Amino acid sequence: MIYEGKAITVKALESGIVELNFDLKGESVNKFNRLTLNELRASVDAIKADGSIKGVIVTSGKDVFIVGADITEFVDNFKLPDEELVAGNLEANKIFSDFEDLAVPTVVAINGIALGGGFEMCLAGDYRVMSETAKIGLPEVKLGIYPGFGGTVRLPRVIGTDNAVEWIASGKENKAADALKVGAVDAVVAPAKLKEAALDLVKRAISGELDYKAKRQPKLEKLKLNAIEQMMCFETAKGFVAGQAGPNYPAPVEAIKTIQKAANFGRDKALEVEAAGFVKLAKTSVAESLIGLFLNDQELKKKAKHHDEIARDVKLAAVLGAGIMGGGIAYQSASKGTPILMKDIREEGIQMGLTEASKLLGKRVEKGRMTPAKMAEALNAIRPTMSYGDFGNVDIVVEAVVENPKVKQIVLAEVEDVVREDAILASNTSTISISLLAQALKRPENFVGMHFFNPVHMMPLVEVIRGEKSSEVAVATTVAYAKKMGKNPIVVNDCPGFLVNRVLFPYFGGFSKLLGFGVDFVRIDKVMEKFGWPMGPAYLSDVVGIDTGHHGRDVMAEGFPDRMAVEGKTAVDVMYEANRLGQKNGKGFYAYETDKRGKPKKVSDPEAYELLKSIVVEEREVTDEDIINFMMIPLCLETVRCLEDGIVDTAAEADMGLIYGIGFPPFRGGALRYIDSIGVAEFVALADKYADLGALYHPTAKLREMAAKGQKFFG
């Protein structure tokens, strides 16, 4: 053994060839933490010191190659002063450069996922052989940063600037065939042949059949683009990517600027340019928020995994109530491998559900994400029925009938009598108390809420609601089923609106107050979209449905009368009374026309403005900042209350619920991280400025206590 550590070993194979193997002890994946980096330094030094070594192959002892840097460790480094962070980055890069400069040929065998620092390690090798099933990429822009271990330097010199810009700015994962096509790897082989192929390649380089020094040289030099080519390539790319990423996500454009700045430098000077830009991005609030989201997501996955220990396997599911929602749930279940019965009392409902599922599956085939054979298999896994005849073998039933407590109770009691005693019942309700619905059941311990968001196939969140009598097995089984469906489940406790809708309606309450002061809803939409929301509150109301919002508002007002009760008529009331229900009937705050692609397109409608005149209580001048505060303060304070009331267990879950469920701007990190970014004391003072607007704007006693103590929700 030439070197033996806890993350890396270097051992002799044959004919002067050694194998550098990444296999981090005690972990399921390889990642670049401090230990691995230190051992890579020691491994490279050991190889350099051994004159008998003629070639190196790099392998992994895990199912993945290397998933990237250990964010939990490196995020602490981002708090260091700039010069220390730059120095640390360059020190790490020196390890990769020393590996690249070894006096012998190097071949990297990519057996599985190689992302971020993992792929940057691959780029430092002379040759790369990739398994057919592996994926490679540089996803750092999704964390608000860009590659920091030489990715912006080596990738353009390996696959060309245009391809590198696309890979780095998009952060996408790339399959083996695509990687081979652009020259990111030199060969693609079956998984079982990978090591053999790597050995063959290194032997050919040792024998001189392949000129590894010539292969290495372009990575050490400046980019082969003249001034005009550089200008055309970089300026066009910056313009296009800026348009795609928007002003709130600077990392993709900064990555292109870095490649451009380093274009005329050799490797070592180019790495200095990369390090300087990397540090600049690492210090931004966007990076802090997006890295925070990544860590929150990891925390959620760990919690969801914990549920697996007691969850029952779901081999057959059922959905009650077909239609668009039922069809969406059936599609999601069947397309992810769980057969499902779809029951409705009406033939039209069944037909609508099947049409929805078929349409969604057809779109996947059109986009090349599914074969026609797989589509047929998924459609066959949806079994439409108008009776309970086959329900005896069902493991979980998702009730998705009309949002009416009496109807839901009747349907749930009915299905409870025909399923096995251990079958789980789950209600897809958005506002109705799970404990209330459970009163109709003989086995309330087997009952939970399972709130899908519309459209089911697009929205990643599922709220799993624990009622007063819900068992942990019922909760765990529902969480496991949601994960199996490809969703991100969050467990919340029962209350009106649960987490997401309870937080969303105070946001709409702020919108209602602005309209009462005569503020133009189009202006409000523009301000909130600029703030980072995918759509403003007026447009969102139309998309959700004014009738849905009206009903939800009444449920929330009944649940929290101290702050959500409504005095007098509101915009939602006048729209509802005028039968302006939003996109579903072509008119709400906006009117809707069909565009060339058959999609609804919003246009201004004088009738809406006329209706809204009746609910103006006083004309008030407000700034754009006021609009943001009117909307965001109630949302943030209600999120705080949900955490304090134990509706959600952690700040991470609360924030991820809002990101996944209502499209909270990811670059702001979630409601609680948004408060942290302002400062808890500063946020409390800001809320107090709007105290005259009512209880929705009044901070809790505990939040005031946090402000006084200088505490934060994160860190």
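Yeah, the Cβs are placed from backbone N, Cα and C, and that goes for glycine too.
Swiss-Prot names Asp344, Val401, Val402, Glu403, Lys408, Ser430, Asn454 as NAD(+) ligands; from the candidate set Met325, Met375, the record adds Met325 to that same site.
Listed by Swiss-Prot as binding substrate are Asn501, Tyr660; the candidate from Asp297, Asp308, Asp313 that the record includes in that site is Asp297.
When every Cα pair among Met325, Asp344, Val401, Val402, Glu403, Lys408, Ser430, Asn454 is compared, the largest distance found for this NAD(+) site is 20 Å.
The recorded positions near Ser430 (NAD(+) binding site), taking a 10 angstroms Cα-Cα threshold over the set Glu120, Glu140, Asp297, Tyr660, amount to none.
For the binding-site residues Met325, Val402, the largest tally of other C-beta atoms within 10 A is found at Met325.
Secondary structure at Asp344 (NAD(+) binding site), as computed by DSSP, is coil. Distance from the CA of Tyr660 (substrate binding site) to the CA of Asn454 (NAD(+) binding site) is 12 Å. Here substrate is bound by Asp297, Asn501, Tyr660 per the record. The longest Cα to Cα distance in that group is 21 Å.
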